[in-house]
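A.B. asks: First the structure, then my questions, so here it is.
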Amino acid sequence: MEKIFLNGEFVSPSEAKVSYNDRGYVFGDGIYEYIRVYNGKLFTVTEHYERFLRSANEIGLDLNYSVEELIELSRKLVDMNQIETGVIYIQATRGVAERNHSFPTPEVEPAIVAYTKSYDRPYDHLENGVNGVTVEDIRWLRCDIKSLNLLGNVLAKEYAVKYNAVEAIQHRGETVTEGSSSNAYAIKDGVIYTHPINNYILNGITRIVIKKIAEDYNIPFKEETFTVDFLRNADEVIVSSTSAEVTPVIKLDGEPVNDGKVGPITRQLQEGFEKYIESHSI
C-alpha cells in the first residue's frame, strides 16, 4: 500500500490530511523540494536537501531536521512505495494556526509532507526538443527561495500552454531570468550563458550539474545576464530542471532556434548528464 510521510509518520493516502488553517494552504507560507529517483536511487539528494534547509532558514522556519534525516526518510518512502523511476515531492509549512499574517506563536510546529510518484524520463523532449515562449517575469523578488508561492510561475506556464509551448522563458525588462519551472541557457559560439545566481532566479540543482559537466567537457560556462534578443539569436537554447533534465528548445516564440535542430553542445551536456546520474545517485 502506498505511504505518505506526514509529520513524522508514514501513513496511507486516506490518512494524509491537513487542516484548512495550515499556513501553506492559507498563505503559501512554506517551502518545497522535488527530487528525482533513477533506478530506485535518489539523485543529487544531498544538494536538494541542503537547498531545502537553506530555503527554510531564509523564511525563518526551523524544521529540526538534518540533511541526513531527510535523506533517510526519503529512502524509506522510495522503498515502501517501490519507486524505480520517479520523484519525491516534499514540502514544509509554518504549521496550523488561526489566520494572521504575522508568524504564529513558537509552540506551533511546522507541518511536513512528502510523497512519491512514478514519473518517466522525458525521452521525447530530450531527443527532439520542445517549443518555448518568452514572457515578462512578474514574480516576487526572492526567487532564490523555493517557496510555495508559485502563482507567477503558474501564469507563465499557462501562457506557454496557450501558445502550444512546453516552457515559458521569463525576462525582467530585456534581461532573461529563467523558465517558469526551469533554468534557461543560451549557447552562442561554443559558450554557455545563463543568468548569474542572485535573488532573481533559483539556483537549480540541475543547473549546478550542467556547470560541472561543462567544466568536464571544457565548454566555457558564463554566468552573466543576456537579453531576449540574444536568446532568440542563440545557436542553441536549453532549459533544465529536475524533471526536464537537459531539454533543448528548438523553437522560440514561433521561430526556429538557429536551424531548428538539437545542437552539438546540448548533446554533449545530455551525454554528461547520463554519466552524472550513474555517479551521483545513492
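Heads up, the Cβ atoms here are built off N, Cα and C, so glycines get one too.
According to Swiss-Prot, the active site, proton acceptor annotation covers Lys146, on the basis of similarity to another entry. The substrate binding site annotation in Swiss-Prot covers Tyr32, Arg99, His101. As annotated by Swiss-Prot, pyridoxal 5'-phosphate binding site applies to Arg51, Glu178, with the evidence given as similarity to another entry. For Lys146, the entry in Swiss-Prot reads N6-(pyridoxal phosphate)lysine, with the evidence type similarity to another entry.
Show me how these features fit into the shown structure, please.
C.D. replies: Under DSSP, Lys146 (active site, proton acceptor) is assigned to coil, being neither helix nor strand in the three-state scheme. In sequence order, Ile31, Tyr32, Glu33, Arg51, Phe52, Ser55, Leu202 are the residues of the chain that are 6 or more apart from Lys146 (active site, proton acceptor) and have a CB within less than 8 Å of its CB.
Look at Arg51 (pyridoxal 5'-phosphate binding site): DSSP puts it in a helix.
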A.B. asks: Neighbour count first, Cβ atoms within 10 Å, every protein chain included; then name which of Arg51, Arg99 tops the list of binding-site residues.
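C.D. replies: Counting Cβ neighbours within 10 Å, the top one is Arg51.
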A.B. asks: Roughly how many angstrom lie between the C-alpha atoms of Glu178 (pyridoxal 5'-phosphate binding site) and His101 (substrate binding site)?
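C.D. replies: Between the alpha carbons of Glu178 (pyridoxal 5'-phosphate binding site) and His101 (substrate binding site) there are 29 Å.
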A.B. asks: Counting Cβ neighbours within 10 Å across all chains shown, tell me which of the binding-site residues His101, Glu178 comes out on top.
C.D. replies: Glu178
A.B. asks: Looking only at Tyr32, Arg99, His101, which the record lists for substrate, tell me the maximum pairwise CA distance in angstrom.
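C.D. replies: That value is 21 Å for the farthest Cα pair.
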A.B. asks: Any idea what DSSP makes of His101 (substrate binding site), helix, strand or coil?
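C.D. replies: In three-state terms, His101 (substrate binding site) counts as coil.
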